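Q: Handing you this structure, nothing more for now.
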Amino acid sequence: MLSQFFEYARYLKPVMKLFIAALAAGALAAAASGFGFPLMIAKVFPVVFDNTQIPPELQDMIARLVAPEHMHLAVLLAVCSLLPLVFAVRGIGTFFNVYWISIVSMKVLEAIRLDAFSKLQTLPLSFIDRQKRGDLISRLINDAANVQGGLVVAANDIIKQPLTLLTALAFLVYKVFVDPNTAVVLMNLGLIALAIWPIRFFGRRVMKKSKQAQDELGNITAAAQENLASQREIRSYGMQEQQVNLFLGLIQRFFKINLRTVKYRHFLVPVLEMVTALGLGVLLVRGHEMGITKADFTALAAALFMCYDPLKRLGVTLTNLKSAYASLERINYLLKEPDTMPEAADPVPMGRAAGRLDYDGVSFSYDGARKVLDGINVHIRPGEVVGLVGPSGAGKTTFASLLPRFYDVSSGALRVDGVDVRDASLHDVRKNIAFVSQHPVLFHGTIMENIRLGRQDAADDEVVAAARAAAADGFIMGMPDGYQTMLGDGGSGLSGGQRQRIAIARAFLKDAPILILDEATASLDAESEALIQQELDRLVEGRTALIVAHRFSSIRVATRILVFESGRIVGDGSHAELYASCPLYRELYDRQSL
Ligand SMILES: Nc1ncnc2c1ncn2[C@@H]1O[C@H](COP(=O)(O)OP(=O)(O)OP(=O)(O)O)[C@@H](O)[C@H]1O
């Protein structure tokens, strides 16, 4: 399991110095606990209780500083102050250990989250389509935080606790070396082996349950996300109660599984404490039989405790690590997903395209089984405006989606100006294509920023010019802050037609030679559609355009129409030609004209 974490060691590189400093602070705290503490007890108690003499050098030093009548008190104060001193060292070491490790782990979390988020930006859409969005969010937020938590305790304890154990063992060996009578205590260490079994047992269970709990948390986030995105449907279909019950079921499942994780995690400590107590009991009996002194017994008991305590903490750490590992696996699912749409190793440079499109024997399947497009051969000249029509599910949107490489063809090739889109860089291909969809997405930000998405380096007056071309300037200027008006998430506060105009303004600003209009007016009423149609007609001028249409009104401007049926093109020509020669086209057209 640790090897999995080592894979992530590269995240430590940028913060290595701080990480080492944190470990050094941890080592200091460990030495103070494991060796310093029992040593102090062994040295201080005899001076206090049995009047044992302190080393002559120390005695001389104190004698030089105080009058002879105060000597006894000074010695007592000197030796007793060693105890708080050891704890001060331990405290300072622990503070910096935890503080610095926290900084390190937050930086690591930041980097893991950023990597996972960046990976999401490049993963093929086919992968994203298969996921529950809320679950992806949960992986980015909850799982990354869980890994961070695991890393903090691990990095903190995995060095400090074994070091405490080792230094405490060193003290025991030293003690046995000085006084072979105390060898009895070493027997106790055999009991440590007893502690291994519960650590392994509970660790395995915690890992399994943590994975399930994180999966459930993903389901909860997914349900909340879906709910918020569908408030209109939920209210209009009266689904509130059903939604609340669904949510309740999910949180109850999470509760149950989480409770099991908590149970296993916290059962470990009492079990390990019982083993510790057993060890001390045995020491007491054997010590009594062997007649060791009270001071020796106390020092040995402290050293023994310092052996068991790190073991107990290590056990807890290990169960935390197992839980973090479960989350790591869920993040890995993203990070390790192979890029099935890789960038060309040596991309063919593509400047501003003229706009010639060649679909050569193109077939495509979303799931690798059912062909959604089947052997399409279509050649589109620069500047041609092509309408795509056909029954629902016939493959029109898919046909257009292959162009900006939202998906790659399963077989055949798709060329822009003679260059296979897979041989050019994604950036070059996409900068040549503007896309206006049925539900344009407006991001949180000002109207100015939203239009500028079309071309990030556009000046303000270029943005305004694009808005004018899209006939959006009028309503924008009528808003309280004009172009600086903030839009909520998803662009709430604007009508469907207004949102569509912002999207058209974006496309004007981008000024790409190829345009895809995917049912751009389908969600508008007839009046809004008629108004927007004028701007769309202007937008397609001089560009190669693919217009996916349900309404024939939106392809009035098309000079050529492709008729799709079950993934094939069954008609290709002008309206007049198709109406005369293509029965499906005629049927679709007549049905809409009724
Ligand atoms: N992301 C996807 N994952 C899996 N299958 C998909 C996906 N998108 C579309 N499909 C399927 O591919 C087929 C073609 O869909 P497509 O959206 O291209 O058709 P369309 O002609 O544009 O339909 P409509 O007019 O209803 O929008 C349909 O059977 C659809 O169920």
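Glycine is treated like the rest: Cβ placed from N, Cα and C.
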Q: Quick one: which of 98-117, 158-177, 458-477 does TrEMBL have down as transmembrane segment?
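A: It is 158-177 that TrEMBL annotates as transmembrane segment.
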Q: Residue list, the transmembrane segment (70-89) vs rest of chain: Cβ under 8 Å, 6 or more residues beyond ends.
A: 28-29, 32, 36-37, 40, 43-44, 47-48, 54, 58-59, 62-63
Q: Summarise the model confidence on the domain 'ABC transporter' (357-591) as a single mean pLDDT, whole number.
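A: Mean pLDDT across the domain 'ABC transporter' (357-591) comes out at 88.
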